Amino acid sequence: MPEILIIDDDPLVAETLADLAEDMGHVPLRAASLADGLAHADAGFGDVVLLDVMMPDGNGLEALPRFVASPPRPEVIIITGANAEQSAEMAVRNGAWDYITKGAPVSSIRLAILRALEFRNEKLARTAQQGRQFNPAGLVGTSPAFMECLDLVAKAAHSDVPVLITGETGTGKELAARAIHENSDRAGRPFVVVDCAALPENLTESVLFGHVRGAFTGADRDAEGLIRQASGGTLFLDEIGELSPTLQKTFLRVLQERRFRPVGGRQEVECDFRLLAATNRDLSLMVRRGEFREDLLYRVRSMHIALPPLRQREDDLRPLSEHFVHQYCERNNLPSRILTQELLRALVAHHWPGNVRELRNTMETMIAFAGGVRTLYPVHLPEHIRVRHMRATAEGMRPDHTGHTDHTDHAESDSPDLPLAGLSIPTWMTYRDVALERAAVDYFQNLLAYAGGDMAKAQQLSGLSRAQFYRLLRKLR
């Protein structure tokens, strides 16, 4: 039976709503705080959430996105004593199914629950159908922010409307576009990429629309443009925000009529293509500044997918890193690599301004830098990331006022991880070697951080001879 999660601190209201849910044949679940409600939702309970706004531990509208993104993906109905248009607008914008005041008739609440469940059932059936057919094609991640985008990518693949994909540089906009194409009815047909930022200024129309022989000096034969090459398939306009005003106007006509005239040609050419576009710029802001045509924006943004930056996808760092390592090793016929917990903590601590592209390049650089070493540590990171990690490590290693040193962050790394039951276990010699190597890496990281990067001071503190110190350092690096 459907579960109705009621989040309200007023016992009388909560009881009334629970009785209504039972009368409808549903299972009522009650929570008197946002924290309890989120705990229920995060545990997978609740097909429909009835959420009050003014709660003792916070504002329901502010917590709304967390409920919407929770594992059951519930439909949320805001039920509140406050009748404010602004609150209703905010609720709907943040994903609420409906907004009802507590003074509304019981029949209105009953109808809202009924409609929400009908919509949810249809959505789940549609998602299941799409899930059986959808291949993420290299899109890796399970974080809530990413899963929302993946849902939109799957929906876009099952339609033919223009899609605008936005996100910072390196978030995977072209990968998302390819996934839409490969899962659409146009799969197997051309996927043509137009880099709008790299179009040659004096040959732009020829590159896009093609030309006929003799159209200009050097045009000794007919040539198809990129748009015609995309016929029957998908045209991907990468960095559409870089199009000149003149080209924006030309493209608008092509999108409206699906026909164009090659440079020097007399007859128009019809072309059937699906349009996908991407940008790292704010096109709405560009419209307000007069830098981008509003009518073109409406044309390309029938559906909008906003990819989150990697810093908002902390849960995806491990699967992404392992994916890139596996991909690189397989491509180069190399044995697999092991990512240590210390390394994963260092990856989480990094800001990743270059997003997924930077992570992929980092993992490939690490494997090359590590040579034949099978286990990857923070010491194998590129220098700019390693320096940042060492500084953070040094902060954690500073003695407190009692003279004790905080090792909390390093407690998990005292010994190498053993595999779970059922998997092969390393020999004692292998386990010992890995443990010694890890201990040495940890020691030298902390030593160098404590010495502030001063090699002479670090060597003196280590108690090793100069030759021993540099020999060990070279080996670990």
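Cβ from N, Cα, C; glycine included.
Taken from TrEMBL, the feature domain 'Response regulatory' applies to 3-117.
ASP52 (4-aspartylphosphate) has a Cβ environment of 24 other Cβ atoms inside 10 Å. According to TrEMBL, the 4-aspartylphosphate annotation covers ASP52.
Taken from TrEMBL, the feature domain 'Sigma-54 factor interaction' applies to 139-368.
TrEMBL lists 396-418 with the feature region 'Disordered'.
Summarising the annotation, TrEMBL assigns compositional bias 'Basic and acidic residues' to 397-413.
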Please report the three-state DSSP label of ASP52 (4-aspartylphosphate).
coil
DSSP helix/strand/coil residue counts for the domain 'Response regulatory' (3-117):
53 helix, 28 strand, 34 coil
